[in-house]
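First the structure, in the form of structure tokens, and then the observations on it.
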Amino acid sequence: MHSDATAAEKRDQKALMRRAFGLLRRAALPDRHHLGWAVLWLGCAAGLEVIGPLLGKRLIDEHLLPRALDWTAMSLLLGGVVLTGWAASWLRYLQLTRLSGLAMRSVQRLREQVYGHVLRLPMAFFDRAITGQLVSRVTNDTEAVKGLYIQVLFVILDSTIVLIGTIAAMAWLDWRLMLIVVALMPFVLLIVWLYQRLSAPAVTRARQLRSDINAQMAESIGGMTVLQANNAGQRFAERFAATNAEHYTQRVAEIRANAWLLRPALDMLNVVLLAAVIWFFGQRGGSGALDAAEVGVLYAFINYIARVIEPLIQITMQFSQLQQSVVASARVAGLLDEAGAPEHGKPRGKAAANAAADGPAIAIRHLDFAYIDDQRVLHDLSLDIPQGAFFGIVGHTGSGKSTLLSLLLRYYPARHGSILMNGVPLDDIDIEQFRADVGLVPQDPFLLAASAYENIDMGRGLPRARIEAAARAAHAHDFITALEDGYDTLLGEGGSRLSSGQKQLIAIARALAGEPRILLLDEATSRIDSQTEQIVQEALNELRGRVTIVAIAHRLSTIREADRIVVLNHGRIEETGSHDTLMQIEGGLYQRLYLLQQLAA
Ligand SMILES: Nc1ncnc2c1ncn2[C@@H]1O[C@H](COP(=O)(O)OP(=O)(O)OP(=O)(O)O)[C@@H](O)[C@H]1O
């Protein structure tokens, strides 16, 4: 059982790796020639680093020991030692810059790709998604992918090349001595592995606590009004301080593991290696003095030992980073694997505007829908909405009004039945044309932290005159021009500078600016006062006949004047007719709803 689980984990791990590296490869593809050059130059840098001690050996063997003080040759050799060391670090620095550039460009491409993909995901995806996590995919996770390029790829690549070069040079000088060094190398891996095991709990906990700190901060800012109104500042500050203090403790524990175990153990190993090499020379030298040629070898070996240990530490230390980056990359790859909304993938469909305009603007035929299998929300709905008509949709909470609107907006595909616009099934209409033809005023107006102009334009690049005309039609022009910079006034985050009613009027102006043929309103008057509601009613009346209007309303006064009111009950059409007709149905649902609201008012 346990081994099954481990095998499954390993398979998962492999799949994660494949996904992560597939993503990296795709993102780095346009820059692949840089990777090739980086490997070549890093190889050259490692070569130069290996040459340094060899030149030093020659200096000792040919000049210092035999006392052959040829100053020119000695200066050349010394200069060579300095120059090779300097050139190696310079080359390495240049490659780090090259790889950082590659990493940053790849992350930039990846971010654009992820964001673009998110914009095309079907609405059903956002029902499951948690905003904070999604934002983290686009920012933190793509950033972690960068770590994979720079820290991991660069360090592992560089260290491996240096390691191979050094071991080769050692083997060339004295293969038996090289075997001693190689035999002690697993101890470096053991020490780093032990360190990671010991510090891992602190590292993981510190990471969790950091995300808790972010979450607490975001939550407090988001709910500042509630927080202050409940005088909860002190308690929140205390909670934050506790998390912060624990974060500090865990970080210290991590640093302690480094200070008490990692460095001393590695330094000790360095000393042991040196001692082993010197001891080996002692053994070989026997009773007499060291062979003159061996002093140079000893010098070169002592130099190489540091060059073996450091890359080994670096490679081992990168593995935990590699692990995190692979998980982050796999998460990003998982998001990119989410299927986009079908309408974005389709070849451009027909434009409903060109279809016969004499039939109903919207025709709903035997429409069934369920968010979750077997839990139907709409049952066999059929309805014709003529061109230019004003239809109201009412019903109790949960009766399916917003769901119907979501289907009209193509946020979800219908399970059974169909919806036609000007006789063309929704799925066959080109999505851009469809969005241009259908305007929406949502329940939550959703304002950007931008100017009034930008909020109405919403990135469509509409002419100023059209924006102002739409604002006039929505009765928003007067209050906008009264702001200090008129249409250029910044409205604050979520439109915080405006009242709820004003926000709603901006949302109406936004919908009207697109000059839609069909206007959908989702409880656009639920948060505004009666006076603003009257303004909205006036705006809707002015559009009558020109634009087909479908308005969901909790407040029945908003749709009192509608040509036809559709009453939904548990996803079925219970009654339809004008206000007067519906009020005459004794004991009818609409009559009851209306009378209840009258009583409440
Ligand atoms: N995204 C969703 N995922 C699953 N179920 C949903 C989803 N949205 C709505 N529902 C369910 O569908 C049913 C109809 O909801 P809908 O929002 O259409 O009702 P409504 O008439 O607009 O209600 P209200 O007047 O309160 O807004 C409800 O039972 C609701 O729980």
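For all residues, glycine too, the Cβ spot is worked out from N, Cα and C.
Those TrEMBL annotations? Automatic predictions, nothing curated.
Under the heading domain 'ABC transmembrane type-1', TrEMBL lists 37-324.
Summarising the annotation, TrEMBL assigns domain 'ABC transporter' to 362-595.
Remote same-chain partners of the transmembrane segment (35-55), defined as residues 6 or more beyond its termini with a Cβ less than 8 Å from a stretch Cβ, comprise 28, 77, 80-81, 84-85, 87-89, 91-92, 94-95, 98-99, 102, 154, 157-158, 161-162, 164-166, 168-169, 299-300, 303-304, 307. Positions annotated as transmembrane segment by TrEMBL: 35-55 (among others).
The feature transmembrane segment is assigned by TrEMBL to 75-94 (among others).
Per TrEMBL, transmembrane segment is recorded for 147-171 (among others). Cβ atoms under 8 Å from those of the transmembrane segment (147-171) belong to residues 20, 24, 28, 38-39, 42-43, 45-47, 49-50, 53-54, 92, 95-96, 99-100, 102-103, 106-107, 177-178, 181-182, 300-301, 304, 307-308, 310-312, 314-315, 318, 321-322, 324-326, 328-329 of the same chain, restricted to positions at least 6 beyond its ends.
What TrEMBL records for 177-195 (among others) is transmembrane segment.
According to TrEMBL, the transmembrane segment annotation covers 260-281 (among others).
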Long-range neighbours of the transmembrane segment (75-94), counting only residues six or more past its ends (CB under 8 A):
41-42, 44-46, 48-49, 51-52, 55-56, 58-59, 63, 158
Looking only at the domain 'ABC transporter' (362-595), what is the mean pLDDT?
88
Near the transmembrane segment (177-195), which residues from the same chain, at least 6 beyond its ends, have a CB less than 8 A from one of its CBs?
167, 170-171, 257-258, 261-262, 265-266, 269, 272-273, 276-277, 280, 297, 301, 304-305, 308-309, 312-313, 316-317
